[in-house]
Number of protein chains: 2
Amino acid sequence: MLRSTESRLLHKVIQAIKEDNKQVFETTIEELQPYDLAQLYVNFPVSDRNKYLSYLSLDQLAKLIQALTNKEQLEVLKALSVEKTSQVLERMDNDDLVSLLSSLEPDKIKKLLAGLKQEASDMIQNLMKYPPETAGRIMNNQFVWIYKSYTVREAVDKLKHFAELAEYLNYLYVIDDRKRLVGVVSYRDLLLADLFEKIEDIMKTRVVHVDAWMDQEKVAQLIQRYEFVTMPVVKEDQTLLGVVTVDDIIDVVYQEANEDIEKLSASGKAIDFTTKPLVAASRRLTWLILLLFIGIVSGSIIASFEETLDQVVALAFFMPMIAGMTGNTGTQSLAVVVRGLTTNDLGWKQVIKLIIRELWVGIIIGVACGILIFIIALIWQGSATLGFVIGISLLCTLIIGTLAGTIIPLILYRLNIDPAVASGPLITTINDILSLLIYFGIATLFISKLM
Amino acid sequence: MLRSTESRLLHKVIQAIKEDNKQVFETTIEELQPYDLAQLYVNFPVSDRNKYLSYLSLDQLAKLIQALTNKEQLEVLKALSVEKTSQVLERMDNDDLVSLLSSLEPDKIKKLLAGLKQEASDMIQNLMKYPPETAGRIMNNQFVWIYKSYTVREAVDKLKHFAELAEYLNYLYVIDDRKRLVGVVSYRDLLLADLFEKIEDIMKTRVVHVDAWMDQEKVAQLIQRYEFVTMPVVKEDQTLLGVVTVDDIIDVVYQEANEDIEKLSASGKAIDFTTKPLVAASRRLTWLILLLFIGIVSGSIIASFEETLDQVVALAFFMPMIAGMTGNTGTQSLAVVVRGLTTNDLGWKQVIKLIIRELWVGIIIGVACGILIFIIALIWQGSATLGFVIGISLLCTLIIGTLAGTIIPLILYRLNIDPAVASGPLITTINDILSLLIYFGIATLFISKLM
């Protein structure tokens, strides 16, 4: 889509509303996708937004809302009458509705649910029982199921009947009379089969599925590996509850990647372009204050070596370099481990292999950087002993920093703690403190030769 | 899937091969997905892998190869005869084949392509003309197109005929007699239409599509926004070339997130769990050596304030804290900007708003941390002047660090340089150097009162 086409479209729609020409309005937006409807709303002059909303049909409103951000959704709901709100909510995909409701106060949720039909309200409340970021929370019921006793003809009839409802038609899930998931039939299978064949004779009985309590990151991993567009979700007793669709999984992958980056950079949870300064600042402050105290611990280590430092001030010149390098090599290892874990399962064998690999990496970069800094220090400060002290310190801290960056996230992973959290405080603290201890420890050993 | 089911499956397959029982083997693997076939291969005892391969049909081999990592793919190809290799390659989806070939030497590519039918070889060579990470490079031809002059019946017939070939049946793309993309018909539309209606009368003429040269990250953004499972790809003259499918887009989102993290943590390009130590070390060394020299620059700034430092050694205690905090706040802002850009388009208005937001964030965290460190320094070192110098320094460096972390990636973005690259060297250098200059600058101003 060209930007110019978009602005031309916006112009046309504004014009139609100004002229109160409903027919032009309708033909203009007829073929638009939910995202386009949402973009129109966002770019509409604020004063005319309500008029734009009033021109849309209930179905179009439901689509529009699904493509908006949370803040904008609430804005739109405020502009709609109570009755219209209920009608629009009922037309939304249930996973989108759950995600909208999740952001509201319990009171407001109750009020909105009260407007819905009993059945719809019950279903939504059932979904909201699953914790956030699980398969149960992001699944929806926009899929077609069939009984295994159906014939192909019955299945095709049902499919036609629900074609408007179901988003993804690639697979039909097959259940038995107790609603347990027992098979899957692809659309192709139906097209190629004889109309009178039984579904249970043509279905595949091996169905890859997930439990409603499974973490969404794990579900994303499975959908990626199997290249599915929908993944069936079941209860403990194998009852089919819903499907997770690939469009939600793309959102999950973006979201989880952002969470990893947030944690790795300690940038604070969920700060985006529209977050208010005070909110963004307070989210980041948590980490910064922690880091401030870590900085004070480092400072007190330096203070405890005050005598050494006082005798050889030049040691201070190399302090930021050593601490910085150690922190950096730790973060490098951490990043490799954290991202590797998003797409790999790790057994003990691979863990050992990975640690040995990183040990070698640490030794190689330690030797290379150690020699380099020895030469630099020798030329700059004209002291081979100082160069030697700094070189050996860097070698040791780089090896230890690399190992800490590898082992700590792996331990957390085994303990079922998100390893990305490890970055901010743990790795930084440990590497900062260890590097200063090693550096000043070695320097103090050689102090008589340094002076 | 339970792990125990997987190992039972593996056991059964190994047993069948040992007993040379082809029938048991075939019924056991009949319903497996490509990923399952690949997992069996990977977990198979190395000595029996070739036997496993020899039991698979050509179609199964093609599926298996598509789900393997690049290294494993080459291993499998080595084990197959020249003739079988060609037959398997011809059965692969063309996007997977392109990605396999991309990793090979030109000589080897030529050799493999020579074994294919002329038509297949031409098509693959055409796809490989597009640069890596563009829509043209990741698109495939597993889709069904129809002429706009078709009737619904003709479209359904064609669909049935190609049902086995096409992965995603949700949409049929409509072309005119010059092969230009002119519309789209959903599968539901076909099901609900009368068999004698013309396609051009029921199709939607507004088709969201992408150019073959579009960056894959941009394509992913569009697929996420529109919640599509396939996105049609066209040439400059609107000729339909292929489709990008959502399974490839999930891989793209993972890959792009990893690239962002690699750059933000300066962890070096494409290091995963299987990278050899020497390769991983050399990829990371590039950044580390750069950082080492940056460390030396910082060191020489400290050296130029040697006199100040010599007079008040306590200044050294707070050095790591100030440099660390500034670096950290810069990285925090950078992470927010870099990830925000993956899902948002930015106009000038938003840029200004974002910079002002970050300025406020910098002021708030600067004031908070400044006051805190003043109190700590006062208690620890018993000097209000020292506390004041450190507090003011931290306030200034935090504001500047935050702004640098925001403005630099935005400038790079405007210059069409990937802003994630900014992290490693640029932000760290600038923030390290600025923070030390400010700190020692302020300290030198107050030196007479500090002693």
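Keep in mind that glycine also has a Cβ here, set from the backbone N, Cα and C atoms.
Copied over from TrEMBL, here are the features:
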- A:139-202: domain 'CBS' (DOMAIN)
- A:203-261: domain 'CBS' (DOMAIN)
- A:285-305: transmembrane segment (TRANSMEM)
- A:317-338: transmembrane segment (TRANSMEM)
- A:359-380: transmembrane segment (TRANSMEM)
- A:386-413: transmembrane segment (TRANSMEM)
- A:425-447: transmembrane segment (TRANSMEM)
Range from A:285-305, A:317-338, A:425-447 with the greatest count of C-beta pairs under 8 A to the transmembrane segment (A:386-413): A:317-338
Residues from the same chain, set at least six apart from the ends of the transmembrane segment (A:425-447), whose C-beta lies under 8 A from its own: 266, 287, 290-291, 294-295, 297-298, 301-302, 305, 308-309, 311-312, 315, 318-319, 322-323, 326-327, 330-331, 334, 385, 388-390, 392-393, 396-397, 400-401, 404-405, 408
Counts of helix, strand and coil residues, the domain 'CBS' (A:203-261), according to DSSP: 27 helix, 16 strand, 16 coil
Structural state census, the domain 'CBS' (A:139-202) (DSSP three-state): 21 helix, 18 strand, 25 coil
